[in-house]
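Annotated features in Swiss-Prot:
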type	residues	note
BINDING	88, 131, 475	Cu cation 2 binding site
BINDING	133, 423, 473	Cu cation 3 binding site
BINDING	418, 474, 479	Cu cation 4 binding site
DISULFID	107-509	disulfide bond
DISULFID	139-227	disulfide bond
DOMAIN	24-149	domain 'Plastocyanin-like 1'
DOMAIN	161-303	domain 'Plastocyanin-like 2'
DOMAIN	370-491	domain 'Plastocyanin-like 3'
CARBOHYD	73	N-linked glycosylation site
CARBOHYD	76	N-linked glycosylation site
CARBOHYD	239	N-linked glycosylation site
CARBOHYD	399	N-linked glycosylation site
CARBOHYD	497	N-linked glycosylation site
SIGNAL	1-18	signal peptide
């Protein structure tokens with residue numbers, strides 16, 4: 001594969017946290033390379049997009065065609081040299097080949113090569129992100145924010161500012177490359193907010209700063225780029241009014257803390273109505289060092305005119321924590337199917353298990369096939385029984401209602417709560433974590449669900465309106481690597497009529513398969 005020519009110039013912007021980055025898109029190059037970074041004061045080699053971590057913000061407008069030319073310049077011997085990028089939250093209708101999940105939708109991009117992802121944000125707007133979908137590569141740095149703006153946003157009258165300065169990314173950061181560390185790390189070394197943070201026992205390095213002007217209202221876009229922990233997010237002295245979850249508009253809901261899981265996104269309106277001062281932004285991880293001593297797990301909300309110093313504000317007990325069950329979609333709120341459990345065309349109960357090394361769903365641990373599922377289908381294999389990996393493929397017909405339940409017991413899913421992400425769709429959560437109630441009238445709708453803890457039986461519903469193979473997996477990346485996934489093959493017989501990959505896509509597998517093992 002030859003390299004594609006540069007598709008557009010980068011427009012540099014000064015982010016509110018004081019570092020120069022680049023807002024790019026919807027037509028752009030994205031160069032993946034290795035480089036040393038020290039976001040928390042500790043220097044390590046990482047996987048970078050356009051030389052920065054997190055990767056640059058990619059933006060577009062509702063209905064835009066995204067053409068993102070991914071150039072693989074990876075060379076570090078301790079990390080993978082190939083890559084594959086998933087555009088998290090995009091439906092990819094008609095472009096299943098561009099979804100980016102390695103060995104489900106494509107072969108990886110080999111080092112020294114490039115690949116053009118070409119897809120359209122049809123009827124989609126909101127907060128998205130992109131990340132490597134090859135092994136645990138995104139834990140080493142290949143992750144970044146993505147926003148599709150809606151010129152006719154129904155919530156536009158609720159805020160004054162929505163731009164590059166209102167992005168808030170949360171990342172777990174490890175001082176050891178994923179391939180060299182534990183299979184299941186017990187907490188990260190640090191929490192990074194907009195790419196900056198401190199680690200316990202480390203120096204007082206710079207914290208990210210988000211600057212606001214007193215009296216203005218800001219649409220903050222909060223993204224969890226986490227590989228593992230969930231976070232309890234709050235801003236001292238301020239409430240947050242949620243208006244979006246995972247690129248789905250919801251009725252405004254005011255909270256004072258948000259528990260956010262790997263892969264999830266929220267937009268909330270923050271009104272800068274406090275005294276001119278500095279306020280701690282807090283992201284308490286579910287594992288690792290769970291305090292705020294010395295400014296760890298923190299960033300700074302700074303009012304214009306305040307001194308450039310760390311805040312002195314103190315943490316307060318949350319009295320309005322987000323209850324996911326209280327989120328109501330703004331449009332078409334009803335869940336598909338009949339208003340009772342099992343009232344769908346196909347109901348599937350996912351039985352989890354763990355043997356100390358691998359996770360299992362319905363007695364099968366997912367192992368990536370050598371031939372991508374989409375390529376198998378386009379090559380003529382249309383029976384789920386014949387598709388590989390055997391036992392992990394579930395065929396579902398078109399225009400059907402699907403219900404999935406995730407029962408959690410004391411032994412079947414250690415490391416809970418597990419955030420599960422369905423590619424190619426959003427879904428209605430008719431039973432949320434921590435509840436025995438069901439809601440078929442106006443349940444929260446999103447693309448990553450917290451499946452809860454012991455005794456929970458979280459249940460989701462979606463409609464099969466998007467032909468192709470779609471991953472359903474735990475978004476704790478170390479758990480996905482250990483087999484915690486299945487694939488829905490949706491309307492398999494019609495995939496060849498609705499999906500026409502590019503010639504470059506067809507070249508991916510021969511190029512990748514010809515690599516020496518040292519260049520994978």
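Numbering starts at 1 and runs along the chain as it is shown here.
Glycine is no exception: its Cβ is also placed from the backbone N, Cα and C atoms.
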Just to verify a number: CA distance, residue 418 (Cu cation 4 binding site) to residue 139 (disulfide bond), in angstrom, no decimals.
17
How many Å separate the Cα atoms of residue 474 (Cu cation 4 binding site) and residue 399 (N-linked glycosylation site)?
25
Write down the Cα-Cα distance for residue 473 (Cu cation 3 binding site) and residue 107 (disulfide bond), rounded and given in Å.
18
Measuring Cα to Cα, how many Å separate residue 473 (Cu cation 3 binding site) from residue 239 (N-linked glycosylation site)?
32
Among 88, 399, 479, 497, which are recorded as recorded positions, the nearest neighbour of residue 227 (disulfide bond) by Cα:
479
Taking the centroid of the Cβ atoms of 133, 423, 473 as the Cu cation 3 site, which other residues of that chain lie with their Cβ within 8 Å of it, listed in sequence order?
86, 99, 101, 104, 421, 471, 472, 480, 485
Taking the centroid of the Cβ atoms of 88, 131, 475 (Cu cation 2 site), which other same-chain residues have Cβ within 8 Å of it?
86, 129, 130, 133, 138, 143, 225, 262, 263, 421
I'd like the per-state residue tally for the domain 'Plastocyanin-like 2' (161-303) from DSSP, helix first, then strand, then coil.
6 helix, 71 strand, 66 coil
In sequence order, the recorded positions (73, 139, 479, 509) whose C-alpha falls within 10 A of residue 131 (Cu cation 2 binding site):
139
Could you give the Cα-Cα distance between residue 423 (Cu cation 3 binding site) and residue 88 (Cu cation 2 binding site), in whole Å?
8
Using only C-alpha positions, which one of 73, 139, 239, 475, 497 is spatially nearest residue 399 (N-linked glycosylation site)? These are the recorded positions in the record.
497
Could you state the whole-number distance in Å separating the C-alpha atoms of residue 509 (disulfide bond) and residue 133 (Cu cation 3 binding site)?
16
Would you list the other residues of this chain near Cu cation 4 - those whose C-beta lies within 8 angstroms of the C-beta centroid of 418, 474, 479 - in sequence order?
359, 413, 415, 419, 420, 473, 475, 476, 480, 484
The domain 'Plastocyanin-like 3' (370-491) - residue tally per DSSP class, helix then strand then coil:
11 helix, 45 strand, 66 coil
When DSSP is mapped onto helix/strand/coil, what comes out for residue 107 (disulfide bond)?
coil
Near residue 76 (N-linked glycosylation site), which residues of its chain come within a Cβ-Cβ distance under 8 Å, counting only those 6 or more away in sequence?
34, 45, 47
